[in-house]
Amino acid sequence: MAAVGALVKKVWSIRRFLVLLFTPLVLLPIIISLPPKEGKCLYVILVMAVYWCTEALPLAVTALLPITLFPFLGILPSNKVCPQYFLDTNFLFLSGLIMASAIEEWNLHRRIALKVLMLVGVQPARLILGMMLTTSFLSMWLSNTASTAMMLPIANAILKSLFGDKEASKDLNRENEENPGSSHSQNKLYTVPTELQFLASTEDKDLMEEKEVVIEVPMDLKKEDEYRANIWKGFLISIPYAASIGGTATLTGTAPNLILLGQLKSFFPGCDVVNFGSWFVFAFPLMLLFLFLGWLWISFLYGGINLRHCRKKKSEIRMDAEDRARGVIKEDYQKLGPMKFAERAVLFLFCLFAILLFSRDPKFIPGWASLFTPGFVSDAVTGVAIVTILFFFPSQRPSCKWWFDLKASNTENPPLLSWRRAQETVPWNIILLLGGGFAMAKGCEVSGLSVWIGGHLHPLESVPPAVAVVLITIVIALFTEFASNTATIIIFLPILAELAIRLKVNPLYLMIPGTIGCSYAFMLPVSTPPNSIAFSSGHLMVKDMARTGLLMNLMGVLLLSLAINTWAKSIFQLDTFPAWANIHGENITSLLLDVKNVTLSSLNKI
């Protein structure tokens, strides 16, 4: 096996080298065959797209390519490319990541998770619901990857208390032997973040060393084993799915949402209808509806809800297992002890963070931002102001007696979060990835590539907008199964903006479904980091995720189409073609005239 693993690594390294070397050479004819500036910009975007999809370079390193390629190819000067990596949208996302580090530092997430599980009960269907609700809530504020990694150890402890350490080892090992490529597919296609690997490894190593022994087992015991194996799979698969769904509910929940906000500011500076509050009012009901239907599907598929046996009395084995699980959850919660001063402080600042973001500019009433100079205060100002407090607010209750006791020791009271801890836990590469997306969008706009692409979308102009939304969501959801959701939305948003202008519909009518559709990737382990982490536990097979995720994808597309055609219309005024889109259309026309004049003048000189 070691030799096979070494061979796989060598083949993968050779493949990466070939992709790095030949992709720029193969795509060179694009520069020659297209108009000069548009062709150069499309060349850069396609090179980056290939590198992102194949991970020939780390995602963050690929995101830095516009800094060198745009100036060299004459698309954008360096002083206009580099600022795109530190827009206010990036700082809003950074403040969310730092807040997540503080929550993780003081185990607040674990207290919330265990409290929810104590409330929902220990029946399998209820536990799956509790897992999904908790994971989705955490994912609204933390990254999807971190939320999944935080919940998996809790799920593992509950599963072991329900079914024991060696549950379903024979069936799962037999499936692994029948599908030897499945264990390598994760290593070849996606690498779980290093800091999360120990959390993702939830399977005991002893299971792999266990020898298979042929024993005659009664049919009832076999059925019980199959039931337990299915419940185990249902638990594990519900966590990454809930993380992906929950991340769509807030602007800071996942990177594509913030990329939409940043690109709206770039393409449509006059658009001010998308903010933290309006997005939450639209996306939170959609998240709840999708979570409920997803829970029904997962519970029904994996035996948490069984219509035939719902009236039958539980077996003593299952009742004992549920009692053990209830005891494990209660014991883990008691180990946390009473709520510490630091936990309460972080919880207060977290709630203040959310309230200030909601109330900055709620539109239906004046927000607190109206007290300041118009246009000066953004969500980034709120986020950075709150997380700054984390670095000096004491983690222990201050004592007034200390000031008057001259003999008291002069010991330093550590803050809620240290900068060293923030450096270690914040995924800084995501900030660069966001910046690369904004730089790419700026290049598309300045070079006229988005206009050129929009001009070649004539077949879609005859499609009704409602049908276009469904088609766009399906295409993007399928594309993001094989590529990073961040890279996917970076590539598609400029196209959707131009298509909306061609169709004379509100650009948000196409851009919002495209953005949320990027998070609906449920079918493959390589689709998202949460899927990869759950798959690396060893209890899930590719076929499990494929059959479960197929219907999840379809439900997501249909629910998103329902939402965008009902309550979203009143929230974002989607029934009208807005003035800020008209202004953008006028800019495009002037841009095309400028390009035509430059071309004619160059021909006259010749």
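Backbone N, Cα and C atoms are what each Cβ position is placed from, and that goes for glycine too.
Database features, via TrEMBL:
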type     : residues : note
TRANSMEM : 43-73    : transmembrane segment
TRANSMEM : 85-103   : transmembrane segment
TRANSMEM : 123-142  : transmembrane segment
TRANSMEM : 235-259  : transmembrane segment
TRANSMEM : 279-305  : transmembrane segment
TRANSMEM : 341-359  : transmembrane segment
TRANSMEM : 371-393  : transmembrane segment
TRANSMEM : 430-454  : transmembrane segment
TRANSMEM : 466-496  : transmembrane segment
TRANSMEM : 508-528  : transmembrane segment
TRANSMEM : 548-568  : transmembrane segment
For the transmembrane segment (85-103) against the transmembrane segment (548-568), do we get 3 or more Cβ-Cβ pairs below 8 Å once near-sequence pairs (under 6 apart) are dropped?
no
So which residues does the transmembrane segment (466-496) touch in its own chain, when a touch means Cβ under 8 Å and the partner is 6 or more beyond its ends?
45, 48-49, 52-53, 59, 254-256, 259-260, 263, 267, 430, 433-434, 436-437, 440-441, 444-445, 449-450, 453-454, 457, 460, 503, 507, 509-511, 513-521, 523-524, 526-528, 553, 556-557, 560-561, 564-565
With a Cβ cut-off under 8 Å, give me the same-chain residues at least six positions beyond the ends of the transmembrane segment (235-259) that come close to it.
89-90, 92-93, 95-96, 124, 127-128, 131-133, 135-141, 143-145, 147-148, 151-152, 155, 158-159, 202, 275-276, 279-280, 283-284, 286-287, 290-291, 294-295, 298, 302, 379, 383, 430, 433-434, 437-438, 485-486, 488-490, 493, 515-516, 518-522, 528, 530-531, 533-534, 537, 539-540, 544-545, 548-549, 552
Remote residues contacting the transmembrane segment (548-568) - C-beta distance under 8 A, at least 6 residues beyond either end:
237, 241, 282, 285-286, 289-290, 293-294, 297-298, 301, 466, 469-470, 473-474, 477, 509, 512-513, 516-517, 520-524, 527, 574
Stretch of maximal Cβ-Cβ contact with the transmembrane segment (279-305) [cut-off: under 8 Å; candidates 123-142, 430-454, 508-528]:
123-142
Six or more residues out from either end of the transmembrane segment (123-142), which same-chain residues have a Cβ under 8 Å from its Cβ atoms?
96, 99-100, 103-104, 109, 112-113, 116-117, 148, 150-151, 155, 158, 162, 231, 234-235, 238-239, 241-247, 249-250, 252-254, 287, 291, 294-295, 298-299, 303-305, 322, 325, 350, 354
Highest-contact recorded stretch vs the transmembrane segment (43-73), from 371-393, 430-454, 508-528, CB pairs under 8 Å:
430-454
